[in-house]
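Enquirer: For 353, 404, 532, the entry in Swiss-Prot reads Zn(2+) binding site, with the evidence type sequence analysis. If you look up Swiss-Prot, you'll see 1-61 marked as domain 'TGS', on the strength of sequence analysis. Under the heading region 'Catalytic', Swiss-Prot lists 260-555.
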């Protein structure tokens, strides 16, 4: 009797010997519910994947980031199966997992209705309960075309094989550069193919492994993101590892809806988006303008203290500048069309960096001037597609707090350390404190330019700077800008959502393109390194993040109105006007409500406007030179001397405390 062939694998850091034909699931002793897939040599694989000699195997748990992505991708397949069973004429687009959920696009005659979603969700529950198995099989391009002959969008993806991920957002989950694969949903008893889809996987073992899901909404979406293509109907859903996790997520969404900056912007009279201006273009009202002004002034002061020099650049430039910078060859789709003027093409600027390079190049530079830190509140314009424009967080015109630092290679490590500390400290001053860092690097994509060695050096320096902050560091392979690696500061808000805030990017390419030089100590001409940095990302987006973080109740130093005087009767108005005058002398933003409304309504109005302090005054207060001091949360101290009340207000503002 011949011996069973054996394989040597590494499992949880330990070498093991297993029989040939052993699957990842068998090696992991996976239950298919908690451990739902495997990492084999760093690549996610189904539990049914047969192992080879030398494989390194790790578990993927359903409550991990990778595990949730697999869960959501599998749920997208169940969604598509349910739709095609209920709407047989529906043609399939793509259905990837996304942050906190998934979607699938369908070509159907009519948009889906809320009643349709209920029917689809019910059918999904039936499919899940049935326990259909996800089964992977490799197919030739020819066989895939034959099997999917009635799916025109899938056929298009097959023709784009190898470039599908670049051609259509989310298409990378279906078609890669290698052999095509199809996933069948198999009946648990008969093995009959219930449904199939072009897909790279991996997937859950079976549909019963989907613990909790919900369909959320529908939207229109152009195929491959182009308005020249057919408009499809997109169904969004979410899926989680437990029913409690789903409930927590839905509760968070309810709270997020209350904090939606677009809603609060109207309620608090901060900003608006007039139709006459066009999509993605905001106007700030006086109260919003005050908040923005305070944000900018504090940032400006901190930058001046940190050695930055302020500059200003125009909103428009001839095309040649953006050819030199590389933005037209690499970024043209995100720029507005050119304006023809005096025989030349002019573009609204999408980036400030090319103009800062011109400032650097305007005269000879010495090593003694470096690092040179240029800073600007520069307004830029980007052609965001209508489907992704979202209030202030994704606008077409916005102002960046944009800095570009020119330094020597030797100065770069210290400069990045200093810069990252400065960025985090300043964000903390605005009330954000829960951070992690993301390091975006290059991959094998041809979009990345420059020498690999320079990329490696810059990436390692960024990594070391990030590690010194003692924050979690997450790697993002392939997520860098085309010209250099970057660190992104990710911040959690009051309800646990993550926002990308500041970005710090190293750039060896722009100094070459613009032939930037400095005279070194030995008299030679050397090329500086350029560091791009936007601390807020944009003023508008940061405004929106803070508005939602504080649910409109800005800390006193940022509040558009910091104090409101509320007289008990009209004869108390002059007394409060005098208190207001004294506060204004200290720069406090104060109003007196002299309207005919009753006192309780005035208090309610101040609470609705989320004003931090209310000063109430009646006969007793006037006689004692005092006020009733009421906080935003409703707590109140009576008979507070005016001087003490003023000092309390000034202290809270000076210390940037929340009340």
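Each Cβ is built from the backbone N, Cα and C atoms, and glycine gets one as well.
In the displayed structure, how are the listed features positioned relative to their neighbours?
Expert: Counting every protein chain shown, the Cβ of residue 532 (Zn(2+) binding site) has 22 other Cβ atoms within 10 Å.
Across the domain 'TGS' (1-61), the model assigns an average pLDDT of 90.
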Enquirer: Treating G and I as helix alongside H, and B as strand alongside E, what does DSSP give for the domain 'TGS' (1-61) in helix, strand and coil?
Expert: 5 helix, 29 strand, 27 coil
Enquirer: Which chain neighbours of the Zn(2+) site, leaving out 353, 404, 532, have a Cβ atom within 8 Å of the mean position of the site's Cβ atoms?
Expert: 351, 352, 356, 357, 402, 403, 505, 507, 510, 530, 531, 533
Enquirer: Enter the number of other CB atoms within 10 angstroms of the CB of residue 404 (Zn(2+) binding site).
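Expert: Summing over all protein chains shown, residue 404 (Zn(2+) binding site) has 25 other Cβ atoms within 10 Å.
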Enquirer: So if I draw a 10 Å sphere around the Cβ of residue 353 (Zn(2+) binding site), how many other Cβ atoms end up inside it?
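Expert: Around the Cβ of residue 353 (Zn(2+) binding site), 23 other Cβ atoms lie within 10 Å.
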